[in-house]
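Okay, structure first, notes after.
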Amino acid sequence: MSDYKDTLNLPKTSFSMKGNLANKEPMILNKWEKQGIYKKIREHFAGREKFVLHDGPPYANGSIHVGHAVNKILKDIIIKSKTLSGYDAPFTPTWDCHGLPIELQVEKKHGKAGQSISEDDFRKECRKYAKKQVEIQKKDFKRLGVLGDWEQPYLTMNFDYEANMIRTLAKIIENGHLSKGFKPVHWCTDCGSALAEAEVEYADKISPAIDVKFKIKDKDKLAQAFGLDSLNHDAFAIIWTTTPWTLPANQAIAVNNQLNYSLIKIEDFYIILAENLVEQTLKRYAIENAQIIATTTGDKLTGIIAEHPFYSRHVPILHGDHVTDDSGTGLVHTAPTHGVDDFTLGKEHNLSMEIFVKGNGCYSENTKLFAGEFIFKANDRIIELLGEKKRLMNSDKIKHSYPHCWRHKTPLMFRATPQWFISMEKQGLRNKALQAIKETSWAPSWGQARIEGMVKDRPDWCISRQRTWGVPLPLFIHKETEELHPNTIEILHKVAEKIEKGGIEAWFNADDCEFITETAQYKSVKDTLDVWFDSGSSSMCILDLDKRLSYPADLYLEGSDQHRGWFQTSLLVAMSAKGSQPYKEVFTHGFVVDEHGRKMSKSLGNVTSPQDIYNTLGADILRLWTASTDYKSEMAVSDQILKRTADTYRRLRNTARFLLSNLDGFNPATDIIEFDKLVKLDQWAIAKTKEFQDKIIEAYDKYQTHTVAQLIHHFCSIEMGSFYLDIIKDRQYTAKTDGHPRKSAQTAIYHIVHALVRWMAPILSFTADEIWDATPKTTDLPIQLCEWYTGLKSFDQDAELDLEYWAKIQEIRSEVNRVLEIKRNEDVVKASLEAEITIYADKDNYKLLEKLGNELRFLLISSKADLKVIEESTSSSIAANIPGLSIEITKIEEPKCERCWHRSSTVGDNPQYKDICSRCVENITTEAGESREFA
């Protein structure tokens, strides 16, 4: 037996079978660094239509987690796909660098600002810490294969950014949106500062729920209100509250004029409850022998005076629109300094706004009985005192949703303090923002309703904070009237110039006289700006000023929590400073959870870190998982899920390797065959690739990365792996090296590889770079500078063997393979090349198959295939799952060709080549080799 190995076209490529990504990717990154690849992209696409995806700044504190990785990878995929579409799509990373988390880290090492360390040195340490964190996170983002202007990122602590924030504030003030107010705001006792809406998260909390008796001072007036002559016992207005600690600040009781109220006799006293709540409230009190004496409307009760339950203080009953009879008692305890509705009612009726609680959460010295106590700890003492005073009607516990600090996870309080606000009403900001939301494209579409609801209901934006590490609110107010300095805008621009040279420290270290001359009349505000103002100003500080970018951004892409965060603050800053929305389109992705849908938590032990993934599996596996997951909802990840992703990756890599290995010796400059002259199956492969490319580009344009991933996988495993590549192996390996059949397949493979590597490039950035290096090409451009492949062709409309035709052939082939599997299990044949396949077909199917002539066997990967009419089918044939078709498979008895392994009666016909078939002899000995028309 001769050795025909040297006569075969064995596959050969530099593209390895194993990815070994964890080791290879850093080398590829190093290559990109040396090439200056991002700079080259910018130069190559300069002058093209821009596409700007504006990066929402992550916070510069700690290593990135998998949520950060998902966000940056999705952005990178979109940017790279837009580059392939020919856009100039720059990506400038940003970081959020001021605020409390950084202060807390610095405090751990150096102590509190102004105590163990000077405020100036504290800020220097904060700046140093933030810079270090940026470098740590930057390294991780780059390791993920994310391309961007990493050398010139935007940091909110950059001097020019800090200065431009002040200029943005000046525009907002100039446009009349700033207001000063004494209002209740969410206050964190741990932060020692007011919080913005975006910094508040709701969590379940168990609180005391008590019903408190307020004794009515004038019983005769109450009797009159209920249409009675007199009352012979004491009467009490009953309020229900879950915040006993606010009772020292109580100044009134609110009822609703439109509601009905009942006077109820219980033993030797009366109580007042909303009529609709009587039954459930008495049930809660476990009182059965109560008697409803009379009913009246809320407006008859207003003006009646009650007595505070433990202070000598008159408490009026007042009308409040916010009062309902859905729960509680229908009478609402009102502490003007501890609630928005309470505050509004207090302002309306000129109630006392005395402050009873300090910023640290302890009662102030003027709080009788409880001075110095921490408010939440005082709840029990207050309940105990109410019991002693016979003013406690009922005491219980309730589990309810309660506002917490997003950083400390501790309960918040509403606390009225003097603060600076961006008014939602003064210049119609709320309505303008709502209109801008309507003019923006939101995906998923429910995002629009979500942010609309938030903007409709949100209070004025409290932009002042009482922090050390933050951009100043550099205002000057009159010492007596507290009015803003008349030259505020001019002063702010002067401050901005100073900050641009020396950072925020230039303001904090300066004397007032450096900015104003009237220091006897005016004083500087010592507050800092809310950090959400920092990130919210990015459209003004970056997009509006950087000529490499554009305003508004084409796209904002962040987690779904940003409807209440960055999407909203960006909108409010842009609308109040510039009068237009900062984005055209807003996309959101879900949170990353484990395979059981649980949040990542160290305590649960279910944290998957991006560092672990790229150090073991490789960044491309993380990128493929990200792209493959429908990110509009929660994104589940685990070791098992990543293992499945790695399996998918291997299939994609193997497909690429097979394609590349069959391009050995192919020179695109000289070997490409025109479409019309290709073997018909190769024409199909190119047309099918074109069909998939159109779908893939459409999916990329819609940011549907999971659809892209599904299409690429289907293309590689089904259209290529299970059909085309399976069929052409014989032709590729055994045909004449430079003969038409092989060059035809190589031409198709060349086009397929050039399309496929571009489809993969946004997602599998490292692998695509590897594929590109191993691909024959006529360009020196790196893959990152390429656009979608234009060498593909579709069938003409009048093509006889079009995509529809080949789809039917694929169906028939699948049925043949099904029957083959049956015969394998029956030990009739071991492999398809041992099979003699007879297809019995009705008229329509016969017409389809006869076009392939004697090349049908190549499509079925068998040594012999016969086509007969259905009427000739035998009892041993098996009916196909296609009407009008049955299949018979028997073992072929002819000898095996030692070169192509086909069974053929022609083996040994040539005495010089006794162990190979005539087809192989032709491919070895003739100049042209065999000919193929269809497969």
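Cβ coordinates come from backbone N, Cα and C, glycine included.
Here Swiss-Prot gives motif ''HIGH' region' for one range in the set 25-35, 58-68, 630-640, 740-750: that range is 58-68. The motif ''KMSKS' region' annotation in Swiss-Prot falls on one of the ranges 114-118, 599-603, 734-738, namely 599-603. C897 (Zn(2+) binding site): 25 other CB atoms within 10 A of its CB, across all protein chains. Residue density at C917 (Zn(2+) binding site): 28 other Cβ atoms are found within 10 A of its Cβ, drawing on all protein chains shown.
Ranked by how many other Cβ atoms sit within 10 Å of their Cβ, the binding-site residues E558, K602, C900, C920 place K602 at the bottom.
A gap of 56 Å separates the Cα atoms of E558 (L-isoleucyl-5'-AMP binding site) and C900 (Zn(2+) binding site).
Beyond the motif ''HIGH' region' (58-68), the same-chain residues lying 6 or more positions past its ends with a Cβ under 8 Å from any Cβ of the stretch are 95-97, 99, 101-102, 105, 130, 133-134, 136-137, 140-141, 155, 559, 591-592, 600, 607-611, 613, 637. When DSSP labels each residue, the motif ''HIGH' region' (58-68) comes out as 3 helix, 1 strand, 7 coil, counted as helix, strand and coil in that order. Residue pair C897 (Zn(2+) binding site) / K602 (ATP binding site) shows a Cα separation of 63 Å. The two recorded residues C900 (Zn(2+) binding site) and K602 (ATP binding site) have their Cα atoms spaced 58 Å from each other.
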